[in-house]
Amino acid sequence: MSIEWLSEKLSEQGIELSNTQKEQFQKYYKLLVEWNKKMNLTSITDEHDVYLKHFYDSIAPSFYYDFNGQLSLCDIGAGAGFPSIPLKIVYPELKVTIVDSLNKRIQFLNHLAAELGLEDVSFVHDRAETYGKGVYRESYDIVTARAVARLTVLSELCLPLVNKGGQFLALKSSKGKEELQEATFAINILGGNVKETYTFELPENAGERQMIIIDKRRQTSKKYPRKPGTPNKSPLVES
């Protein structure tokens with residue numbers, strides 16, 4: 001059973017899943033596959049692959065970063081809830097907000113949270129560029145993003161939401177360090193400073209992952225993020 005595989009792999013890292021948490025992951029998989037038939041949530045639907053490439057992959061950052069405590073976490077472009085919902089299941093005290101530009105995905109997440117009995121979660125239908133200009137600007141302890149865009153673009157979408165003293169966790173594939181070289185200029189302009197990069201392999205040769213931890217040292221200038229679409233079309237790079 002894939003849930004037993006996940007439980008065993010997490011146990012090796014010192015994370016013990018309760019029966020309730022195991023049931024939540026099993027329900028999550030079931031709902032993901034059901035809803036995926038009517039909307040495009042994921043191309044990965046095989047049970048073991050979901051447990052490995054979505055659930056385990058989402059939780060792996062916690063092997064290197066402490067998510068314990070009542071931390072506020074904003075997840076940008078989480079799609080079907082990765083990485084923040086698996087993290088919320090394992091660390092129930094997290095206060096999670098997911099921002100996604102597609103309303104259908106927000107509907108799925110609302111249904112998912114209700115079915116899993118998750119508290120302190122909210123789902124916002126908005127563009128990150130707009131959300132980063134609003135009342136929640138510079139209000140989160142942690143902002144995460146996984147497989148959304150290149151790091152230069154992600155930095156402009158995510159760093160404005162991080163409070164001073166908080167951190168942006170960029171979850172990347174094997175190209176993270178390469179993207180980081182390009183993104184250093186943008187990170188600095190936006191008030192960030194690269195703290196650390198962790199590189200690790202998923203089990204079963206499922207790929208290399210990198211987690212880049214960026215400290216928020218200074219407030220972000222009010223001109224960022226720029227209007228929707230601009231960060232992607234004209235990334236902040238040194239001219």
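In case you wondered, yes, glycine gets a Cβ from its N, Cα and C as well.
According to Swiss-Prot, Gly77, Phe82, Ala128, Glu129 bind S-adenosyl-L-methionine; the candidate from Arg137, Arg146 that the record adds to this site is Arg146.
Taking a C-beta cut-off of under 8 Å and a sequence gap of six or more, Glu129 (S-adenosyl-L-methionine binding site) has these contacts in its own chain: Leu157, Pro225, Arg226, Lys227, Pro228, Gly229, Thr230, Pro231. Here Ala128 (S-adenosyl-L-methionine binding site) comes close to Ile76, Gly77, Val99, Ser101, Leu157, Cys158, Leu161, Pro225: these same-chain residues lie at least six apart in sequence, with C-beta atoms under 8 angstroms from its C-beta. Secondary structure counts, DSSP: the region 'Disordered' (217-239) has 4 helix, 0 strand, 19 coil. Spanning the residues Gly77, Phe82, Ala128, Glu129, Arg146 that the record associates with binding S-adenosyl-L-methionine, the maximal Cα-Cα distance equals 20 Å. Note on Arg146 (S-adenosyl-L-methionine binding site): other Cβ atoms within 10 Å of its Cβ, all shown chains, come to 24.
With the fewest other C-beta atoms within 10 Å around its C-beta, Gly77 stands out among the binding-site residues Gly77, Phe82.
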